[in-house]
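> The following feature annotations were taken from Swiss-Prot:
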type	residues	note
REGION	1-26	region 'Disordered'
DNA_BIND	29-35	DNA-binding region
REGION	56-67	region 'Subunit association domain (SAD)'
COMPBIAS	119-134	compositional bias 'Low complexity'
REGION	119-142	region 'Disordered'
REGION	166-219	region 'Disordered'
COMPBIAS	190-206	compositional bias 'Gly residues'
Amino acid sequence: MPDSDNDSGGPSNYAGGELSSPREQDRFLPIANVSRIMKKALPANAKISKDAKETVQECVSEFISFITGEASDKCQREKRKTINGDDLLWAMTTLGFEDYVDPLKHYLHKFREIEGERAAASTTGAGTSAASTTPPQQQHTANAAGGYAGYAAPGAGPGGMMMMMGQPMYGSPPPPPQQQQQQHHHMAMGGRGGFGHHPGGGGGGSSSSSGHGRQNRGA
């Protein structure tokens, strides 16, 4: 048979040289994968014939079916639907392939460790992403509750009861700017009207001026 690198998963020969059916071919590993694995064990300039590839293809496919079938029987007896790695290792031991068990146990252990780390990292990343996407409105409300708890609503009277964040509060807020201007104006007027006022006296500067005026008119 001529040498060929055809990796299309060509037909395998069965009883009397008859070609296998398409359904029979479905249970084989892709011949391209088989060829790639075989080449890793050979020198760079080595070649593999087509019949060698097909022989190994059939061999490894049969081995997989053999081990998987034994593990499947175990799962059926235990009324389980999922075959796991431990079931396959048990099947290899039962069928006499103990030499494969120890290295595969080590591989299975490392594989599960890596998967666990990936799951933990994914969970942590999801939590961080959720925290970073907190709506700005909630953050503003939290800041207002913490930093402006003593602020009173405009228009609340002195000593009056105010509501802030749903809680009653008491206090005298600073008057609005307009009210401050009015108070300042009244204070200025009062200061001018009371000029000349003496402690204990009943009259002010304006009263004295009025008296002098009346005297002048009488004269």
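Placed from the backbone N, Cα and C atoms, the Cβ positions cover glycine too.
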> Under an 8 Å Cβ to Cβ limit, what residues of the same chain, 6 or more beyond the ends of the region 'Subunit association domain (SAD)' (56-67), are close to it?
9, 12, 27-29, 31, 34, 38, 88, 91-92, 95, 97
> Residue counts in helix (H, G, I), strand (E, B) and coil for the DNA-binding region (29-35), per DSSP?
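So the DNA-binding region (29-35) is made up of 5 helix, 0 strand, 2 coil.
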> Count the residues of the region 'Subunit association domain (SAD)' (56-67) that DSSP assigns to helix (H, G, I), to strand (E, B) and to coil, and report the three numbers in that order.
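Within the region 'Subunit association domain (SAD)' (56-67) the tally stands at 12 helix, 0 strand, 0 coil.
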> I'd like to know the mean pLDDT over the region 'Subunit association domain (SAD)' (56-67).
94
